[in-house]
Structure formats: C-alpha cells, structure tokens
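Student: So TrEMBL says this about it:
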- 1-20: signal peptide (SIGNAL)
- 30-47: disulfide bond (DISULFID)
- 61-212: domain 'Cupin type-1' (DOMAIN)
- 106, 111, 116: oxalate binding site (BINDING)
- 109, 111, 116, 158: Mn(2+) binding site (BINDING)
C-alpha cells in the first residue's frame, strides 16, 4: 500500500480548513426555525425563476436625481442596495448616491458587512475613518476634491463632511448587496427601547441630564 507524503496530507487538511467557513451574513439576525411555514428569510433574498428575469431586473434609475438635503444634517444618501435593486441579489455589490448641501454631513457610521469605495463627483469633502483599538483608534482623514477616490474598510466608523461653499456630490460602491448601516449617534442615543442611562453615563463620562437630553432628541436618518 502506498501512503501519501506527509506534506500532501498537511496541505489537504489546510485546504479543507480554509474552505470550511460560513458565508457572510446578509442581514442583521437570522434565527433558525423548524417551522417551514413561518420561515420567510434566507441568507439574502429568495430568487426569481431565472427564466422569468428580464433586462428591467438589472437596471436601477433611482440615482439619477439629487437627494433632498433640506434636513438637519444637510445631506441625503440614496441607496441602491438589494432592497431597492433586486438584480443585485447574490452579486456581492451595491451603490449609493450622497448629496451634500454646503456644510452638509454624512455622520459617523459603519457598514458591518461591506467595504466602501467613495468617489467625489462635485465639491470638496473632508472624509475619514477610525481604526479599531488594535491600532489605538487612529483617525485616517483626508480632504477630497472632484475625481478623488477614498476607501473605508469594512466595519470601521467613517464620515464625510462638505467643507466647501457649494453643493457636493459623491457616489459609493460597497462590497455587499446589503452592507448594513449603523449611524453611531442614532444607534446609541436613539435606540428603541432606549439604552439605560446608567450605561451611557458611564460609557461616555456624561452627566445623566446630558444623556437624558440626548435620548430625548429626534435623531434624523439621512437615508
């Protein structure tokens, strides 16, 4: 009987381990159920019969027009995720249009399931992201001009601010059909139900009156 060289066995085991992983989640939660009648979600969206697909399934016109920036943030994000653009299902990519009034802000937020690549089409933007504690929460920031491109790594807190005196426009590509969005202020101070004030006063080193004030605000969502 011939035996495989030990190096080939190690390589086979390493390859099997490398390929044995769960697919990335495409929604926030997915609780298992044995009730097939009530099971309505999979990791992503159900697929249409390919024979019934048409060219219209693969076009999205929702990014043509400027978004309404008349809001407290002075910005508007128009998403082209799988929820708005079904043709993206299973393709691992999506887009967004971001309109900015002068001084408009796309506030600190994260995309838990996608890296973002942003290109400036008009205006001047101050952008940045903050690393995890592995790199001491380091801020990487840059002023971008028309035609400049910046990448925000998956899961890291990032922002864009229009520092010009005119309207600004950017487009983003994201590496997931459903990258998710967590706007930091909204999630922390606008959670439903509210996070305990005891938690927030300790975490942010704030007086309880300040926390109560922040939790009482209307946290605008520019998406």
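Each Cβ is built from the backbone N, Cα and C atoms, and glycine gets one as well.
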Student: In whole Å, how far is residue 47 (disulfide bond) from residue 111 (oxalate binding site) when you measure between their Cα atoms?
Tutor: 24
Student: In whole Å, how far does the CA atom of residue 158 (Mn(2+) binding site) lie from that of residue 47 (disulfide bond)?
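Tutor: Their Cα atoms are separated by 33 Å.
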Student: Nearest to residue 47 (disulfide bond) by Cα, among 106, 109, 116 (binding-site residues)?
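Tutor: Sorting the binding-site residues by distance from residue 47 (disulfide bond), the top entry is 116.
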Student: I want the residues beyond 106, 111, 116 whose C-beta is within 8 angstroms of the mean position of the oxalate site's C-beta atoms, in chain order.
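Tutor: Neighbours found: 96, 109, 110, 118, 152, 158, 160, 172, 174, 179, 181.
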Student: Expressed to the nearest Å, what is the distance separating residue 109 (Mn(2+) binding site) and residue 116 (oxalate binding site) at their Cα atoms?
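Tutor: Pair distance, Cα basis, whole Å: 12 Å.
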Student: Take the mean position of the Cβ atoms of 109, 111, 116, 158, the recorded Mn(2+) site. Which other residues of that chain put their Cβ within 8 Å of it?
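Tutor: The surrounding set, listed in chain order, is 110, 114, 129, 152, 156, 157, 179, 181.
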